[in-house]
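Over in TrEMBL, the protein carries these features:
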ACT_SITE  Asp392  active site
BINDING   Lys219, Ser323, Ala324, Tyr325, Leu326, Glu397, Asp412  ATP binding site
BINDING   Asp412  Mn(2+) binding site
DOMAIN    287-503  domain 'FAM20 C-terminal'
Amino acid sequence: MRRDRLLVAVTLVALLAADVHFILLPRLRTWCHLPRGSCSCTNSSPENTSAATVPWTTSLNMTAVSTERGSKLERLFRHPLYNIRPPDLGPEEQLLQEDELMNYCKRKVSRWERLKKFYIEAAAASNITIPDHPVTFDPEASWLQFHLGISRYALYSGDDSIIDRLLRDMQTATIISADFTQDEKALKGACDCSQVVKPSGLHLKLALKLQDFGKAMFKPMRQERHEETPENFFYFVDFQRHNAEIAAFHLDRVLDFRRVPPVTGRFINVTGEILDITHNEELRSVFFTSPANNTCFFAKCLYVCKSEYAVCGHPDLLEGSMSAYLPGLSIAPRISIPNPWIRAYSFTGREEWEVNPLYCDNVKKLYPYNSGNRLLNIIDMAIFDFLTGNMDRHHYEIFTKFGDDGFLLHLDNARGFGRHSHDEVSILAPLTQCCMIKRSTLFRLKLLAQSEYRLSDVMRESLSRDPLTPVLTEEHLQALDRRLGHVLRTVGNCVKKLGEPQVLITDFVESSRVTSSHR
């Protein structure tokens, strides 16, 4: 009898242990990682939960990419390293003041209305009908609020919900005008075909004006996702990829740099949203119908003024990237500065940094790299470019208002993500030669190397919210993890050689929520 009771007791204990291990513990783990204020109500969908908790979204296509413990992306953005208090922003730390920007934009809108009337009348005289889309200028428009949020430290704050609105607006807003970009207009169709590096043209891009008077740069699809840049291509003749622009924006946010203007994918009707609404006769003249009955267009520049260089819709729809414009140069001047680690844009030449391992010692003696954060920002940019595989960073831009202490703009990222099978370690020359890095940058890189916040996983989840998903192939996502490991090993070698105080440079005011375990 006692033996039977003992057997029953043992059985009950085993069942209880199994229940705790397989049922209760997984539920507790899931509960512990739910965001505060979340609800597990049966009528709430994963899409709604994700949209409410992620600080930004880029599409109504909210495919959930999460683990049993919840979204890695959500947990990453809730981490204390991503919630460091920035200094209070005074007028000198903000790029623009509201009154100044509103008056500037109202003048631009008035000028646009006058010119539009002239264009429509001139087109009618040539039997061309141009739709008359009214401009709905709104002081609360997302692009205006984005411009007002630019500060000395970044293009936007980490919790800025305006970025979410801006991405949605660029995806869906009515396009009222299309034109060549300013750099292509400056060429006036005259290109020196003897130059190794062509100034523009081959890389078709258009300036699209939206109905709320926002503006986006459209880069059309030129290369399939699975295609790699041929190994015999020089970096300066590579295609510019629309998906690289999209992925670079997402990576910039995941790294918490916030130096890339917002970018999203969109399908454009090249007939209804470019050809029929453009006021530029030169742009209208480069459209044609292909033998497959697709609507195509090419650049005006003479060396690519051929149908084989054209991009085509299917038959009218064309996918591409939409990059938000920064404030105009007349109200927010920027300067372009040669990268100290610029490459030789020739078939045979080499720059000094490529042959002199002590090159950084010379750079450190030069203004503005001899003080402040400029050199550290260059190293941040090199790490960013290495992760994307972008070898084409010949210049960088800064806002003149912020002087030497302003952040670097990471513009023109379309030559990234070309070869997932190759890691171009020379891009990391600023890090390997200078052996220094921002402490905050290293902390975030280490965090993204952990399985709980793995870089490829959070990027996959982030990119899944873009209308053009999948933006990157799985091979490119895995390459991000591999390259991140190389960056961390490079920093580790520097620490072994020089010691941590010489390599890790403190650059931020710590949040009260950051503990010693994160250092």
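Backbone N, Cα and C atoms are what each Cβ position is placed from, and that goes for glycine too.
TrEMBL labels come from automatic prediction, so no person has curated them.
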The residue listed as 'active site' versus Lys219 (ATP binding site) - Cα distance in angstrom: 17
Distance from the residue listed as 'active site' back to Tyr325 (ATP binding site), taken between C-alpha atoms, in Å: 21
Local confidence of the domain 'FAM20 C-terminal' (287-503) - pLDDT mean: 92
Those recorded positions listed as Asp392, Glu397, Asp412, and which of them has the most Cβ atoms within 10 Å of its own Cβ: Asp412
Cα distance (Å, whole number) from Asp412 (ATP binding site) to the residue listed as 'active site': 9
Among Lys219, Ser323, Ala324, Tyr325, Leu326, Glu397, Asp412, the record's ATP binders - longest CA distance, Å: 20
Other CB atoms, at most 10 A from the CB of Leu326 (ATP binding site): 19
Ala324 (ATP binding site): tally of other CB atoms within 10 A of its CB: 24
